[in-house]
Amino acid sequence: MGSSWSSEEERQPLLGPGLGPRPGAAWRSREAAAAAPRCCSAAASGLGRVYGRRWLVLLLFSLLAFAQGLVWNTWGPIQNSARQAYGFSSWDIALLVLWGPIGFLPCFAFMWLMDKRGLRITVLLTSFLMVLGTGLRCIPVSDLTLKRRLIHTGQMLNGLAGPTVMNAAPFLSMTWFSADERATATAIASMLSYLGGACAFLVGPLVVPAPNGTSPLLAAESSRVQIKDRIETVLYAEFGAVCLIFSATLAYFPPRPPLPPSVAAASQRLSYRQSFCRLLSNLRFLMIALAYAIPLGVFAGWSGVLDLILTPVHVSQVDAGWIGFWSIVELCCWIAMARFADFIRGMLKLILLLLFTGATLSSTWFTLTCLNSVTHLPLTTVTLYTSCILLGIFLNSSVPIFFELFVETVYPVPEGFTCGVVTFLSNMFMGVLLFFLTFYHTELSWFNWCLPGSCLLSLLLVLCFRESYDRLYLDVVVSV
């Protein structure tokens, strides 16, 4: 990123004579970590330059991420209605969700494109894939077999947009934002994809009537034609929203600002070959990558089929949608946690330990509640809502903290490459679970037990992790 940013004359005033990144440098003491916010603020205010247009860039990227998450999770919350309208089987429903992790197979190609050609080209390609995908789903055909194939193809193309919207948040925050705003910008950019998936839990069940007529919008029993019309309304609306976002990014989405916002942003990065070798040889990175990938992959897969999981315990499609929505939509907590991390740099590990302790307890509560015939715990709407909301708060709030810790740990590995590796792993775990779900979809209690097990494993990995802040070290050294 550094070499293609600006000329040597523009970078030199930021780097200073003899200064550059120190790979592997870490905070030696808690006192140095505590001093990081003051030094980082000085670096941002005195040595870099930020532009007001950065918020517009962040908004456009966030809207794209929101739309991708919304399209990905279209079918899970309305799986009962989709079965009746299009003849989907349980295997089809699982595969529609599975296209998300499958889309991450070419993940590193997108990360290479982002690192070499910048954000604009990558974002335009991503949004164009989404336009094609959502457009294919809207083609009016009477043959249900052909219609199902078009829907699957559209979901696959939308899945190919996943690597950019899931991985590019730290790259964008590094490119446009100062050191004391990076965690907040990362949180906002990565949050909107999850918010899109959450809104699918809300929009689908409220607009599309359930086969048993329990939708609040329709009191009478709904026919297959009525259900199909409502689903197509949702598909056309999503297609229109994606087209608007593509038009906006085509009109204005610069690859980078004229001058970098911080010293670390202007510095050189390792090549992809060097980065790959460093990541594989860094045991601390592998530990924290697994701590992120396993529970977040399990949670994403679990959220995508939540309606299937709650149907055996007699929870309606609408209630399951609301539970899924509120388990992901804790936006205030997410942004507040990231903003808090911006102020207490050097304590990201402590934040993760607290979050995963809460995630382990809340996921255990939900799992035992669903086994009320054995545990005799009360199975009520209140307990399901509360346990799912708490689980979503703890897990989703960890995402921007993890992203910042990844980049700090392996700097100067490119941000997009680092986050591409961990999100690839996360989606592979989600893909494996959904693959098993296509064969073992009659009894889903095993899926619930994966949640507390993965959270506990992550808690242990974070506990054994030794944190370091290489990127922040560079900003602090230059500011002193």
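Cβ atoms here come from the backbone N, Cα and C positions, even for glycine.
TrEMBL has this to say about the protein:
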type: REGION; residues: 1-23; note: region 'Disordered'
type: TRANSMEM; residues: 55-73; note: transmembrane segment
type: TRANSMEM; residues: 93-114; note: transmembrane segment
type: TRANSMEM; residues: 121-140; note: transmembrane segment
type: TRANSMEM; residues: 160-179; note: transmembrane segment
type: TRANSMEM; residues: 191-208; note: transmembrane segment
type: TRANSMEM; residues: 234-253; note: transmembrane segment
type: TRANSMEM; residues: 283-302; note: transmembrane segment
type: TRANSMEM; residues: 322-341; note: transmembrane segment
type: TRANSMEM; residues: 348-368; note: transmembrane segment
type: TRANSMEM; residues: 384-407; note: transmembrane segment
type: TRANSMEM; residues: 419-440; note: transmembrane segment
type: TRANSMEM; residues: 446-465; note: transmembrane segment
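Contact between the transmembrane segment (234-253) and the transmembrane segment (160-179) is absent: fewer than three CB pairs lie under 8 Å, with pairs separated by 6 or more positions in sequence.
Simply put, out of 93-114, 191-208, 348-368, 419-440, 348-368 has the most Cβ pairs sitting under 8 Å from the transmembrane segment (384-407). In summary, the transmembrane segment (419-440) lies against the transmembrane segment (283-302): three or more C-beta pairs, each 6 or more positions apart in sequence, are under 8 Å.
For the transmembrane segment (283-302), the residues of the chain that approach it from at least six positions outside its boundaries are 97, 100-101, 309, 352, 356, 359, 391, 395, 398-399, 402, 405-406, 409-410, 421-423, 425-431, 433-434, 437, 447-448, 450-451, 454-455, 457-458, 461-462, 464-466, 468, judged by C-beta separation under 8 angstroms. By the Cβ criterion (under 8 Å, sequence separation of 6 or more), the transmembrane segment (93-114) is in contact with the transmembrane segment (160-179), since 3+ such pairs are found. Panel annotation: around the transmembrane segment (121-140), residues 60-61, 64, 67-68, 71, 110, 113-114, 150-151, 153-158, 160-161, 164-165, 168, 232, 235-236, 238-239, 242-243, 245-246, 249-250, 253, 255 of the same chain, lying at least six beyond its termini, place a Cβ under 8 Å from a Cβ of the stretch.
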